[in-house]
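Everything below concerns the one structure shown next.
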Amino acid sequence: MTTAIGKKTTKLEPFKMERGVKYRDAAKTSVIQVRNIDPDQELLKKPEWMKIKLPTNSAKIDSIKYGMRRHGLHSVCEEASCPNLHECFNHGTATFMIMGAICTRRCPFCDVAHGKPLPLDPYEPRKVAETVQDMKLKYVVITSVDRDDLADRGAAHFAATVREIKALNPECKVEILVPDFRGRVEQAVAILKQNPPDVFNHNLENVPRLYREIRPGADYKWSLELLKIFKQEFPNIPTKSGLMVGLGETNEEILAVMQDLRDHGVTMLTVGQYLQPSRHHLRVERYVPPAEFEMFRSEAEKMGFEHAACGPFVRSSYHADLQAKGELVK
């Protein structure tokens, strides 16, 4: 087949997905052909500022992984191939990914597996709480795959997880990084009202012009509405959102999205560089230099964001505890 930009790609035959099987890379993008991905494309060379020095001691990393495995839990750090895994695990922090490791969406920027997920584990909220207790965490981030197969899109499971963590760890602060609860926004917020988090996070990811390409199945206005409705219900709880750059957007478009976030009551922001997980994902169109991230941070301050973490390796949950305290993260 030929893509919209005229490059030839290998046609992959459609197949029937099996429940509980993780589909990644070519298998993931062949479920519905992603026309703007060419696995034979020439990749941009990483600049010096994008190179990571790995730690020599992995004891802390192994300890975090063991704690996850022991309770049958998942971290988005591993499932999404986050470049900060070694730094965060060595710092003693991890972001728990609940509701399994199989997503019902197939966003071509994301390395989380796609497929037909298994039923929810009703004991998972308690397992997360016990792991938080074992690891003596004072700040924890809970995120999830998209679960469009669930009537409430997983809102009750989020609420149960917050409740169990608080019950076992009353001093622990909980940030939730939620999906868009497609078509169930008001229902989801009503459910979360029973056990609200300390920080509410939902990522817009990029600019509306590129949404069909980057976030198939999502809607820019829905995501803004979710952030707005939550803030209206919980005016004293910080709301947060994250953006990736380097996917073909302009700086002016990113600044416009930042203003949209402020107009919808969002008080915390993260902006980081998109990194291509494999040749079967969206290509990095450019590496944004550190000076431009500093510009985003400066403009965010002018717009009235209470905290903005902007830098090449910044991710939503990167040093989330420090972000919540208002400390500089970049």
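Placed from the backbone N, Cα and C atoms, the Cβ positions cover glycine too.
Here the structure is a predicted model, which means the values were calculated and not measured.
Copied from Swiss-Prot, the annotated features are:
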BINDING   Cys77, Cys82, Cys88, Ser317  [4Fe-4S] cluster 1 binding site
DOMAIN    89-306  domain 'Radical SAM core'
BINDING   Cys103, Cys107, Cys110  [4Fe-4S] cluster 2 binding site
Taken over the domain 'Radical SAM core' (89-306), the model's mean pLDDT: 94
Residues close to [4Fe-4S] cluster 2 site centre defined by Cys103, Cys107, Cys110, Cβ within 8 Å: Arg105, Arg106, Pro108, Phe109, Asp111, Val112, His114, Val145, Asp146
Which listed residue (Cys82, Cys110, Ser317) has most other Cβ within 10 Å, given these are binding-site residues: Ser317
Binding-site residues compared (Cys103, Cys107) - the one with the fewest other Cβ atoms within 10 Å: Cys107
Minimum Cα separation from Ser317 ([4Fe-4S] cluster 1 binding site), reported as the residue among binding-site residues Cys103, Cys107, Cys110 that achieves it: Cys110
